[in-house]
Amino acid sequence: MVRIAVAGAAGRMGRNLVKAAHHNPVAKVAAGSERPESSLVGVDLGELCGEGKFDVVVCDDLAKQIDQFDVIIDFTAPASTLNNLALCQQYGKSIVIGTTGFTEEQREQIDLVAQQVPVVMAPNYSVGVNLVFKLLEKAAKVMGDYCDIEIVEAHHRHKVDAPSGTAIGMGEAIAGAMGNKLSDVAVYAREGITGERTKDEIGFATIRAGDIVGEHTAMFADIGERVEITHKATDRMTFANGAVKAAVWLHEKPAGFYTMTDVLGLNDL
């Protein structure tokens with residue numbers, strides 16, 4: 001049984017992670033945290049999520065429950081995630097990271113810690129999205145040299161970073177398949193007189209509205225035809241179940257940086 005701690009357990013995603021871990025037959029909800037000022041610190045995690053009493057309460061620092069869990073699942077914010085990453089480094093715990101919006105320096109810090117502890121990090125934990133990443137690599141190799149490539153993503157009004165980590169992951173998959181670095185070809189905003197589109201650029205467009213869980217489309221557009229590869233999520237439990245799957249897979253793995261491609265065994269596709 002893999003003992004799981006959920007960071008940000010009282011948030012929208014946190015509650016789904018608690019539910020997913022509770023219903024996974026080889027996982028156990030063993031700890032959960034919230035900000036110290038939260039009124040939900042001390043509340044039973046099961047009752048918080050409508051799953052009955054777990055006899056595990058929300059704490060304000062996972063260090064206080066360090067002996068209770070094996071793996072942290074963290075979908076919070078960069079600063080909080082890095083704090084939990086340091087905790088894992090100190091105590092030899094594993095971590096599944098779903099947080100997005102890291103700077104390049106923060107990503108380097110994660111890579112460094114992954115030399116000492118097992119880390120799974122992915123922009124999206126949906127099985128479907130990770131299959132899409134593979135499809136995009138193949139499409140880019142076939143069509144990328146002569147098509148205009150655009151990525152459009154839509155999320156709910158509360159999402160604080162843009163473009164989404166998944167959209168960036170799509171761009172990285174496409175750019176990498178074409179032998180490029182995304183930072184060299186990405187165009188994140190267009191306004192005013194921009195001039196004609198350049199050949200190699202990958203454009204991004206962002207929508208924030210209502211309660212959209214997550215929609216992503218990559219477009220390969222030529223003269224006379226275009227191919228669109230789309231993923232639409234309708235329930236956050238898709239991401240939560242994938243993250244718990246990753247946590248179970250990661251348990252007792254050696255130190256290293258892993259992705260959902262590793263978890264799902266997609267490397268040979």
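Backbone N, Cα and C define each Cβ position, glycine as well.
The annotation in Swiss-Prot ties Gly8, Ala9, Ala10, Gly11, Arg12, Met13, Gly98, Thr99, Thr100, Ala122, Pro123, Asn124, Tyr125 to NAD(+), and of the candidates under consideration, Glu34, Glu108, Glu137, the one tied to the same site is Glu34. It is His155 that, of the recorded positions Arg12, Arg35, His155, His156, Lys159, has its Cβ surrounded by the most other Cβ atoms within 10 Å. Other C-beta atoms found within 10 angstroms of the C-beta of Glu34 (NAD(+) binding site) number 24, with every protein chain shown included. Separating the Cα atoms of His155 (active site, proton donor/acceptor) and Gly8 (NAD(+) binding site) is a whole-number distance of 20 Å.
Relative to Thr166 ((S)-2,3,4,5-tetrahydrodipicolinate binding site), the recorded positions with Cα atoms inside 10 Å are Ala122, the candidates having been Glu34, Thr99, Ala122, Lys159.
The maximal spread of the NAD(+) binding site, taken as the longest Cα to Cα distance among Gly8, Ala9, Ala10, Gly11, Arg12, Met13, Glu34, Gly98, Thr99, Thr100, Ala122, Pro123, Asn124, Tyr125, is 22 Å.
Using the Cβ center of His156, Gly165, Thr166 for (S)-2,3,4,5-tetrahydrodipicolinate, the list of other same-chain residues with Cβ within 8 Å runs, in sequence order, Thr100, Pro123, Asn124, Glu153, His155, Lys159, Asp161, Ser164, Ala167, Gly214, His216.
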